[in-house]
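Peer 1: Can you read through this structure? Questions will come right after.
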Amino acid sequence: IFIYVQYILGGLPLLALLANPLCLRYAPATLHLCCSCCEEGVERTPRRRGNTNTESVVRYDLQHSVVARYLRFVPLDWNGEGQIGLRIEVYGCPYWADVINFDGNGVISYRFKNKKMKTLKDVISLKFKTSESEGVIFHGEGQQGDYITLELKKAKLTLQLNLGSNQYGSIYGHTSVTTGSLLDDHHWHSVVIERYGRNINLTLDRHMQHFRTNGEFDHLDLDYELSFGGMPFSGKPSSSSRKNFKGCMESINYNGNNITDLARRKKLDTSNVGNLSFSCVEPHSVPVFFNATSYLQLPGHPNQDVMSVSFQFRTWNPNGLLLYCTLADGLGMVQIDLNDGKVSVHINVTQTKKSRIDISSGSSLNDGQWHEVRFQAKENFAMLTIDGDEASAVRTNSPIQIKTGNQYYFGGYMRRINASVLAPTLRSFQGCMQLIYVDNQLVDLHSLEQRKVGSFENISIDMCAIIDRCMPNHCEHGGKCTQTWDNFKCNCDGTGYSGATCHNSIYEQSCEAYKHLGKTSDSYWIDPDGSGSLGHFKVYCNMTDDKVWTTIIHDLQPQTSVSGSTPEKPKELQLNYSASMDQISAITFSAEHCEQHISYSCRMSRLLNSPDGTPYTWWVGKGNEKQYYWGGSAPGIQKCACGIERNCTDPRFSCNCDADNKQWRKDTGLLSYKEHLPVSQLVIGDTSRSGSEAKLAVGPLRCQGDRNYWNAASFNTPSSYLHFSTFQGETSADISFYFKTSATYGVFLENLGNADFIRLELKSPTHISFSFDVGNGPIELLVRSPSPLNDDQWHHVVAERNIKQASLQLDHIYKEVRQAPAQGHTRLELYSQLYVGAAGGHRGFLGCIRSLKMNGITLDLEERAKVTPGVNPGCSGHCTSYGMYCQNGGTCVEKYNGYSCNCSKTAFDGPFCTKDVGAFFEAGTWIKYSIPQPPIANLTREDLSLSFSTTNTPSILMYIGSHIQDYIAVVLRTLQIRYNLGGMKEAFKIDLDHRNVANGQPHSLNISRHKRDIQLQLDHYPPVNYALPEAADIYFNLTKTLFLGRVVETGKLDPELIQKYNTPGFVGCLSRVQFNQIAPLKAALGSRSISPVHIQGELVESNCGASPLTIPPMSAATDPWHLDSASPDFPLNEERVIPDGVNRNSAIIGGVIAVVIFTILCTLVFLIRYMFRHKGTYHTNEAKGAECADNADAAIMSNDPNFTETIDESKKEWFI
């Protein structure tokens, strides 16, 4: 069918065209057309004369409306009379439908042939249009609790369904789904409900939503009838609060029954309908639309003592000017506005001391729904009522005098208003109004349209251009959408996502990613698919030296006891994990290796072996598949670990428990076939016999590695590329990857459509470009790096595009954001393949791309590179970018899929060499470290460091000896460093100015020597330099052993060192101990079987001696070591210079101390001579069993099995 109507427009240019399903509109001349009709085979071309200027309006209302599928607007050429025209063509097909008008007072009941209707499948379809936001469209219910209801709630369509009660109560089966928005627009909307069992398809205006109902039943049991247009009068009392539907329906179809046709032929009960009409009644309300520059000026009845105004409005904006008018005789003005979602009335009066009266009512009125405002004012009285709620109306009895003016401004005001009159505080309103009453008279907006009354500017009559920007909800991952008239905003709080549409996960994708951010072992939230639908969950990340383990726990208690199960009635144990199975599958899929420990302890309880071959016990893994192998075995082999290793208790069986012994046995091992993990259920079937019992334990799921994070490809030629399927990112797209290159430019990736495209490229050595086109013209975002990007270092790129904005970020620092246009195309439509590494007409990329993720999906670059010429899987050179994370002297080790830190030559441990290695020394504990042979000769440089804390003195912290008499020692009475390198009669000593560091606090000490130059640093103080005397040797020769805590050595030792500091030994904490590349304490706490370390006493691992390096320097006022405010230097000097030449107080105190020390020394000499008067030898150690040995060397050999030194009997000291 072809229909057209032609209009002569009096020589006016064609400016704009607007349309809705029923009426065609020409603006600004505003010609309303309701199409003509034609008889089959007869063409009619009606002509209607239009307006002749831009101010006048010509309106024609034809008798019948036309439902069409396509409209075409054809501007006509100038004719001979100097006029132009507009031709409107309507295309469609024969269409007939019965329409039923519901006035909100009754319903149509479709009675079932049988009293009860039990259905597994239902199809219900209809079309409706209404101006009301609330109303029940149809309803049916059954006595067993089943029901189905389709209704409008706040202009949204809600389907409520319950297929029956269950053991949890009928409320558990309740299912409610909402779709659509602003359905009270008096346009036709199509609804189709398709149900098969619990699966539902709800289609509104071709937008389908699929869901499953709650509960356990599949059939819908309804009693007696299905009512259309409202609730049946015999319904439940609680249902009476629901409004009936008011509007029109057509083509109502229930399971093949045409309800509208049955009603027209009076085959249904229509006694409750009231005035049954089979034509759609047009509404009386005419909406008017305001934008930010609009106003509507209406005349009033001046000099009246009562002011009465009412209207309905709808908007998304929280603020706006609704009404403004001035009172007669200069009495003031009245302003009604929307302020933070509330309607407020401001009355400015000039006759009283109180010049302004404010009242407000309502809340959240900017919800897009129609709201009614009624305001009445008279002498000393004003009242504001919202939505007809008289009970909550706001009144005021403030002294005011009312005389109405002659003009009312709605939605804005004329900027040329009299300056002597107080202007409104708000300027405009964005939204719609209808049913405007001024002085109790309804305003005829069509007369206004034809300029017969009032005036207006930039308004649209008989339409409301409101759009629900939150439907569909573009805020992803549960983000809350809020909107204004022009825009919407997503609140992402508590979602775990960020960005303009809550698209980007705030968590890393794996434990591997956390490790390479410098994180240590701890619990972390991860999001394996980033912006995908999986969501985030918590795991434990164990950062070992060379691997990263992801641990996911479950709720099965260890050693869960099971009894009373038989093969016919087995006992089932369910494991519930801290993540969903889809989330766990994402972990296992990307992991290089997964494992889960499983254990079965048994007593007369068989495990796998049974007479018929079916195991007594099995476990269920991924995909609910039964697995008949046990830990330590492999899929397809019905054995336990002992059966594989052939060491079962009974060699006739493949599991220890299958021997059916009365003693407790155990079958345990690792399940490592990751395609079957995790264990989700255990089924036990042999614990019912007398004395039979089993205990089960399942460890957490542990996965190592992340193939997605290190998935990389190397592009070797400018023409090489990888291709993938078309990128699907119509309304929301995110792309992230790492790259490194030495080239100056190149395309990372490109995907094309007919006109749309998306591209990421290295534009120059310092610029990254992200360009795309969704139909509004090409957009390009550029991010500039201050340093060149072709430095062969890894750089991170994140690009995102959604309907609100586009962004490009480089290395988590440099970012550009571009807002999307308010109007225009939003969908990115691509058709070609996705090309990675090159693009048509552009130079390809040379270098490496790693971890390419698009909308949360990692592209497998390595697998595709294996079969693509010019592209190699993997990429080397990770240490160039990540080596900085290896601290404290750790070295970066390159790996195929990453890197690791080698801490073997440091005193630290952990994945980044940052973990303190320390221990607590109890009384009598000491460590001897034998320096590997051959001994190092002629050392001219040493680097020595340690941290300690103790309250006991004297003691030896560290001693490095040699095969000759050279040694270096760090001793503590007051902290002292001793060098004996030969060439001098006694050791060179550095005293730390007699400071007390044995205060129980951790202290760190770093010592470096190069030839004669010594640099020493204690804690956070500045380093201090010293120098060996000229007579001293600069070579530390033939290093032999290193002692911690005490010296237990043979040969000639420094007697002063032994006598003063070696007894009773060190008690306290040591950590970070290192001599050059030797870490003796770390070796002692490591694998002792191969370590050149001997430990005497109890050594407990602890970091109590670690001194944090982040302590800020103390001020002079708070520094307990600071003696002289004029001398802020570090207080470690061999000689302290006194500016005045002599410090008299120090001299007196020093003299007293010298006398006391001399007396103590004389006493000690006397005692020592008395103790050794019989034997006459000087002992250099105090080994246990010395009293039974012939000499000290023999005592050492008897107590130290590692001691193999040949003892020279001549090495003794004799007192004369």
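A Cβ is built for glycine as well, from the same backbone N, Cα and C atoms used for every other residue.
Feature table excerpt (TrEMBL):
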type: DOMAIN; residues: 50-93; note: domain 'F5/8 type C'
type: DOMAIN; residues: 99-280; note: domain 'Laminin G'
type: DOMAIN; residues: 285-464; note: domain 'Laminin G'
type: DOMAIN; residues: 466-503; note: domain 'EGF-like'
type: DOMAIN; residues: 502-554; note: domain 'Fibrinogen C-terminal'
type: DOMAIN; residues: 711-875; note: domain 'Laminin G'
type: DISULFID; residues: C848-C875; note: disulfide bond
type: DOMAIN; residues: 876-914; note: domain 'EGF-like'
type: DOMAIN; residues: 916-1104; note: domain 'Laminin G'
type: TRANSMEM; residues: 1147-1168; note: transmembrane segment
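Buried or exposed, and what's around them? Tell me for each listed feature.
Peer 2: Averaged across the domain 'Laminin G' (99-280), pLDDT in this predicted model comes to 86.
Under DSSP, residues within the domain 'Fibrinogen C-terminal' (502-554) fall into helix, strand and coil as 5 helix, 21 strand, 27 coil.
Cβ-based neighbour count (10 Å, all protein chains) for C848 (disulfide bond) stands at 22.
Across the domain 'EGF-like' (876-914), the DSSP tally of helix, strand and coil residues reads 7 helix, 12 strand, 20 coil.
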Peer 1: Three or more CB pairs closer than 8 Å, sequence separation of 6 or more: does that hold for the domain 'Fibrinogen C-terminal' (502-554) against the domain 'EGF-like' (876-914)?
Peer 2: yes
Peer 1: Please list residues from the chain of C875 (disulfide bond) whose Cβ is under 8 angstroms from its Cβ, counting only those at least six apart in sequence.
Peer 2: A712, A713, S714, K740, C848, R850
